[in-house]
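Enquirer: Supplied in structure tokens, the structure appears directly below.
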Amino acid sequence: KSSKREWKPLEDHSCTDVPWLLLFILFCIGMGFNCGFSIATGAAARLLSGYDSYGNICGQKNVKVEGIVNSGLDLTQKKYVFFLDPCNIDLVHQKIKSLALCVSACPRKELKTLADVQKFAETNGSTLCSYELQPSEYTTDPRAAKLCPKYPVPESAPIPFFHRCAPVNISCYAKFAEALITFVSDSSVLHRLISGVMTSKEIIMGLCLLSLVLSMILMVIIRYISRVLVWILTILVILGSLGGTGVLWWLYAKQQISASADETEIAKENLQALLIYAISATVFTVILFLIMLIMRKRVALTIALFHVAGKVFIHLPLLVFQPFWTFFVLILFWTYWITVLLFLGTTGSPVPNEEGFVEFRMVGPLKYMWWYHVVGLVWISEFILACQQMTVAGAVVTYYFTREKRNLPFTPILASVNRLVCYHLGTVAKGSFIITLVKIPRMILMYIHTQLKGKENACARCMLKACICCLWCLEKCLTYLNQNAYTATAINSTNFCTSAKDAFVILVENALRVAAINTVGDFMLFLGKVLIVCSTGLAGIMLLNYQRDYTVWVLPLIIVCLFAFLVAHCFLSIYEMVVDVLFLCFAIDTKYNDGSPGREFYMDKVLMEFVENSRKSMKEAGRGGGAEGRELKPM
């Protein structure tokens with residue numbers, strides 16, 4: 001039985017979950033302490049200016065490290081870090097296994113012998129061998145084999161802002177790249193994939209821009225022609241999937257007929273890729289048709305709901321730009337997080353390693369700062385996303401529960417942000433922390449599964465995957481419940497637990513409505529994402545077809561399709577969020593209002609017609625005698 005407390009939309013505003021806001025502020029202060037500590041201990045100087053293998057920071061005077069020769073040097077004139085063997089990369093610890101020195105200039109041309117290294121030192125004043133060797137000793141001292149760079153010394157250039165000499169030709173990092181891409185067994189395949197991306201970079205950028213334009217156009221269509229949008233999307237997806245599949249088979253047949261015995265290896269790979277694409281598109285089209293056949297009777301029910309959501313975007317046009325602001329804030333935070341992470345990687349006390357060089361390590365409780373920083377990444381990222389959900393929910397709630405739309409605030413989005421900052425940051429912090437509690441164990445299990453890949457037995461592998469899957473499902477369910485809890489908080493200004501309980505009760509009481517309205521609406525938005533991806537992918541196939549003899553299609557097409565889906569998801573997820581908020585508002589409206597004087601409905605007339613049509617359709621399906629008919633009672 002639901003709470004007897006009366007819902008008073010937008011009447012009461014009070015601060016919610018204040019202790020959780022204080023806890024979140026304390027946590028953010030701890031994140032700031034991580035940054036301040038790393039800067040105070042010299043990590044920022046070591047990161048930006050660089051340091052050699054003896055613990056000296058380049059470009060400044062240094063303090064002697066006990067027990068380490070060549071430490072405590074005055075390197076004011078030597079501002080760049082130079083590695084004697086920059087291509088010797090430790091794949092396990094992700095670092096360069098080479099003696100590092102501070103030099104005054106990077107070698108701007110290849111040095112093939114020690115004589116060239118000596119000449120470079122005499123001409124430019126930049127000594128590329130260890131500090132204990134003088135330039136005149138490079139060709140005569142037997143220690144030069146270990147204390148001088150491995151030759152030929154590649155041409156190098158300083159990395160902007162970080163004062164490291166990096167090889168201009170990055171071919172020496174090919175092994176590192178190949179180790180990261182484990183599915184590539186032949187290095188030539190990797191090189192062809194990378195060259196294909198570089199050759200098609202203009203096409204890739206153009207197609208990414210096309211996906212952004214298509215997403216904006218789709219949002220405009222949703223706003224202005226919502227009544228016919230559902231059928232337009234359905235027809236376009238049918239035609240697009242059939243057309244895309246037909247074009248793929250046509251291209252495959254055309255290239256199969258025109259194939260010759262002396263065609264290039266790349267052309268053969270593209271022909272095989274076309275066959276795989278054509279078969280995959282055929283299977284996808286069949287599955288899509290079966291799903292649409294099953295849901296054909298419910299497709300018409302989404303028209304009215306889309307119409308009301310379209311009205312929301314007409315009155316609240318700033319909702320369209322909400323993903324941009326969220327993405328911008330996330331980028332700023334992630335940039336800060338990565339910067340502090342790099343600081344933490346160079347902080348600590350100087351400790352001699354087994355090779356006699358210096359490493360900076362954190363000892364004692366300070367070594368757990370890494371874990372704190374990782375938890376901060378998840379919690380604050382989820383907090384930012386939750387702020388977007390609360391902002392959208394507050395704006396849509398304001399629209400729904402304002403009887404006269406002419407009396408809406410000038411900018412409902414800014415009014416929603418103001419209520420969020422003044423009253424509900426604690427609720428957002430608590431909801432995002434709950435998601436963090438589920439997400440971090442899942443990330444730990446995924447890391448363990450990755451580290452034990454190929455070592456654990458079948459039973460352990462199955463248990464790990466089952467736990468990861470269960471935590472993923474729990475995370476999705478909690479995310480959906482959190483979103484509805486934020487809506488309940490925006491309506492009645494209650495704390496998180498009360499709002500989550502009230503929203504859960506409303507959703508359970510309207511389970512069939514959730515299935516009939518929410519699921520179908522989400523499916524139609526999924527069709528919109530499919531339309532954008534298919535359109536962008538088809539355009540990519542037609543453009544890349546002109547480069548089939550010298551460009552590998554696989555990676556460029558995958559990059560374009562992934563970016564198109566990401567862009568479409570960012571835009572249409574806002575629409576999906578609006579639909580979910582509208583549904584919960586409607587369910588609360590029908591539960592606590594009956595249309596009588598003093599308890600008038602807030603809902604739009606089109607939405608009332610939508611529910612009435614849903615009731616009729618479900619009564620026909622259940623012949624009016626089942627639970628469906630009782631649940632969707634006439635208003």
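Including glycine, each Cβ sits where the backbone N, Cα and C put it.
Below, the features straight out of TrEMBL:
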TRANSMEM  20-45  transmembrane segment
TRANSMEM  203-222  transmembrane segment
TRANSMEM  228-253  transmembrane segment
TRANSMEM  274-294  transmembrane segment
TRANSMEM  300-320  transmembrane segment
TRANSMEM  327-348  transmembrane segment
TRANSMEM  368-401  transmembrane segment
TRANSMEM  523-544  transmembrane segment
TRANSMEM  550-572  transmembrane segment
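Just tell me what is around each of these and how deep it sits.
Expert: Sequence-distant contacts of the transmembrane segment (228-253), counting only residues of its own chain at least 6 positions beyond either end whose CB sits under 8 Å from a CB of the stretch, comprise 221-222, 271, 274-275, 277-278, 281-282, 284-285, 288-289, 292, 299-300, 302-303, 306, 524, 527-528, 530-531, 534-535, 537-538, 541-542, 545.
If you look at the transmembrane segment (274-294), the same-chain residues 6 or more away from its ends with a CB under 8 A from one of its CBs are 234, 237-238, 241-242, 244-245, 248-249, 251-252, 255, 523, 530, 541.
Below 8 angstroms of C-beta separation, residues 31, 34-35, 37-39, 41-44, 46-47, 51, 360-363, 366, 369-370, 373, 376-377, 380-381, 384-385, 570 of the same chain, each at least six residues beyond the ends of the transmembrane segment (327-348), sit close to that stretch.
Residues 9-10, 24, 27-28, 30-31, 34, 37, 312, 315-316, 319, 322, 325-326, 329-330, 333-334, 337, 340-341, 344, 362, 408-409, 412-413, 415-417, 419-420, 424, 427-429, 431-433, 435-436, 439-440, 443, 482-483, 486-487, 489-491, 574, 577-578, 581-582, 585-586, 589, 602-603 of the same chain, all 6+ positions outside the transmembrane segment (368-401), place their C-beta atoms under 8 angstroms from a C-beta of that stretch.
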Enquirer: Within the same chain, where does the transmembrane segment (203-222) have neighbours whose Cβ lies under 8 angstroms from its own Cβ atoms, ignoring anything closer than 6 residues to its ends? I mean 6 or more beyond.
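Expert: That would be 197, 229, 232, 306, 309-310, 313, 320, 528, 531-533, 535-536, 539-540, 543-544, 556, 559-560, 563-564, 567-568, 570-572, 575.
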